[in-house]
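Taken straight from Swiss-Prot:
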type: BINDING; residues: THR45, CYS46, ASN47, ARG48, SER103, GLU108, ASP109, GLN110, GLN114; note: substrate binding site
type: ACT_SITE; residues: CYS46; note: active site, nucleophile
type: SITE; residues: HIS93; note: site 'Important for activity'
type: BINDING; residues: GLY183, ASN184, GLY185, GLU186, MET187, GLY188; note: NADP(+) binding site
Amino acid sequence: MLGIDHNKASIEEREIFSFTKKMAADVLLNIKEIEGINGCIILSTCNRMEVWVSCFEEFETSIYEILCSIKKVDDNRYRHCFIERGGYDAIEHLFYMTCGLKSKIIGEDQILTQVREALELSRENYCTDSVLETLFRFAITSAKQVKTQIHLSVVNSSVIHHVVHELKLSNYLFKGKKCLVIGNGEMGKLAATKLEEEGSDVTVTVRQYRSGIIEIPVGCNRINYGDRLEHIVEYDFVISATSSPNMTIHLEQLSNLEFKKPVLFIDLAVPRDIDPRITELKNITLYDIDHFKVETVSDEMKTQLRQIDEILKTKMDEFISWYECRGIIKVVQTLSENAAIDVGLRIDKTMKKIEMDSNDKELLAATVHSATNKVVSKLMFGLRDHVSAATFQECMVALKNIY
């Protein structure tokens, strides 16, 4: 895994390597064509971008250099922003990240959806393989189990909830305030809903070119995206949260407007939606997603995190067991079949002496064969679950010498 995230890179650096869904699909296909790579998945969110590959052990090509080539940037300039993980380290990272434990806001839910969508995008483009497919399915299933069994005691666990919470601590008030939310996607709807719950007068932008009825959160007003600047000076808060690679607000669009009262712009997107230069204008304050951080973890949460740790360790062990023994299934099937044939040969003389209709003898022989096959398979898979992978491999080698 090659990744860049909020821990090692600024928002300016992260946005260089972010991908829209269409861009990610194109890059997936390019990487999958590289000799030695069996599968590829790209995860691109507001806080991180990760390239996951399943490859042969002898594969030595740098994924980082491939990525820089695709993005047309100097591979020496951003190397410090990236981290590479492999083996157990990569597995552990994916499991904990999918649960939201590596997010800026611990336990946030959106990352689970984003990981699932990353897997689905790879599937749609035939870029995954059995190893990545199984790894991501294990991580997603584990995260669902965690969220079902353990409810983290984090107030305002989603991004917008945390943003509102932090702003309240800074004495910002929302009740009765006019808010413009640019973007009616998942994050935009979450933002609009939360602000409406806070008692704000919320307006949401919608695109004219979209066909059919466009749903917006209950209690909110709507305007066409193209009209977003007409009354922007009247708002107290302007939140932009789109997945577009293009900015929604440029300095040049605001420079001729007169902001008579303070307006807080909040940019929740990566790449950024709002031109950072707008802070040059009077009465304008801009916060991007890096401004909001979680500072403390409660004792109750620490206990819950230990419980989550136990669940994830168990699930990771299950995946590792599958990975280490994924080539053993055919061996077990062969050994079980050969053992069943051996049993059949050993009871053949006895079967011939039994006074029984030939059809019944054939049925009995088939039943014995099937039962032997199942019993031997059960014994071997049971053994696998109670010894180390190395010991199990040794046992398989020994049994292959017998059958």
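Even glycines carry a Cβ here, placed using N, Cα and C.
Keep in mind it's a predicted model, so treat the numbers as computed, not measured.
What Swiss-Prot annotates, mapped onto the structure for a quick look.
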residue	record	CB count, 10 Å
THR45	substrate binding site	22
CYS46	active site, nucleophile	25
ASN47	substrate binding site	23
HIS93	site 'Important for activity'	17
SER103	substrate binding site	22
ASP109	substrate binding site	17
GLN114	substrate binding site	19
GLY183	NADP(+) binding site	25
ASN184	NADP(+) binding site	24
GLU186	NADP(+) binding site	13
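Within 8 Å of the centroid of the Cβ atoms of THR45, CYS46, ASN47, ARG48, SER103, GLU108, ASP109, GLN110, GLN114, where the record puts substrate, the same chain has further Cβ atoms from GLY100, ILE111, VAL159. Neighbour counts of Cβ atoms within 10 Å were taken for the binding-site residues GLY185, GLY188; the minimum is at GLY185. The recorded positions shown are CYS46, HIS93, ASN184, GLY185; of these, the one with its CA atom nearest the CA of GLN114 (substrate binding site) is CYS46. Surrounding the centroid of the Cβ atoms of GLY183, ASN184, GLY185, GLU186, MET187, GLY188, where the record places NADP(+), the chain contributes additional residues within 8 Å, namely VAL181, LYS189, LEU190, ALA191, ALA241, THR242, SER243.
Rounded to a whole value, the Cα-Cα separation of GLY188 (NADP(+) binding site) and ASN47 (substrate binding site) is 16 Å.
In the three-state DSSP classification, HIS93 (site 'Important for activity') falls within a helix. Across the structure, SER103 (substrate binding site) and the residue listed as 'active site, nucleophile' place their CA atoms 10 angstrom apart.
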